[in-house]
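Asks: After the structure tokens below, expect a handful of questions from me.
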């Protein structure tokens, strides 16, 4: 039963690879039938669990309620999407975001739930570091707007360079990952090589300092919560 449950959870999550927009698109009828089969298996597993569990205990368990709600939402969304598709109306499969609920809430996923709860308990404690990082990103974006916005610079594609604040925020956010480096600074660098100092300062502060600090806070808090749960024998909810 555990192997079968994990298999159908994996298939259900993997449907995102084949549903539009997809890497390897399959016909809607194929993906919808596979999803219905997965949901039926999940319902059967839940019904089997209800047979061997006292009714009051079963209905007090929030995991079972979450699974039932996720099944109903998925079936509702699938039906609505199919009807709209018949009438050639574009829509979005919004129920995809509930699919990880099956991975977390089945009784077999005890270790995953423990890791998920540790992550959930860690999130409030890293909020301050995240807010500081966002403040730094917004301030650097404002400085970039003042430095480059009025110089009528253009990108290599001929587009306006650093004249829209929200676009600047996004470009500098990507620069934190260095994915667009050094392309993002080349129009400013071509105008004056001294402008490279702005981007160097940004990378030092946000990539090397804030990201290292962010990682340290996440790791230490996650380790603390995990140690507490393991020490308390927290293998169940």
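Cβ atoms here come from the backbone N, Cα and C positions, even for glycine.
Pasting the relevant annotations from TrEMBL:
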type     : residues : note
DOMAIN   : 6-224    : domain 'Ion transport'
SIGNAL   : 1-16     : signal peptide
TRANSMEM : 26-44    : transmembrane segment
TRANSMEM : 65-84    : transmembrane segment
TRANSMEM : 126-145  : transmembrane segment
TRANSMEM : 165-182  : transmembrane segment
TRANSMEM : 194-219  : transmembrane segment
Asks: For the transmembrane segment (194-219), find every same-chain residue at least 6 residues outside the stretch whose CB is under 8 Å from a CB in it, and list them.
Replies: 122, 125-126, 129-130, 132-133, 136-137, 140, 143-144, 147-148, 172, 175-178, 181-182, 184-185, 188
Asks: When you scan the chain for residues with a C-beta under 8 Å from the transmembrane segment (26-44), skipping those not six or more beyond its ends, what do you find?
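Replies: Sequence-distant neighbours of the transmembrane segment (26-44): 4-5, 8-9, 11-12, 15, 18-20, 67, 71, 74-75, 78, 82, 85, 102, 106.
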Asks: Other than its close neighbours in sequence, what residues sit by the transmembrane segment (126-145), given a CB gap under 8 Å and a spacing of at least six beyond its ends?
Replies: 162-163, 165, 168-169, 172-173, 176, 198, 202, 205-206, 210, 213-214, 217-218, 221
Asks: Could you please provide the mean pLDDT value for the domain 'Ion transport' (6-224)?
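Replies: Across the domain 'Ion transport' (6-224), the average pLDDT comes out at 89.
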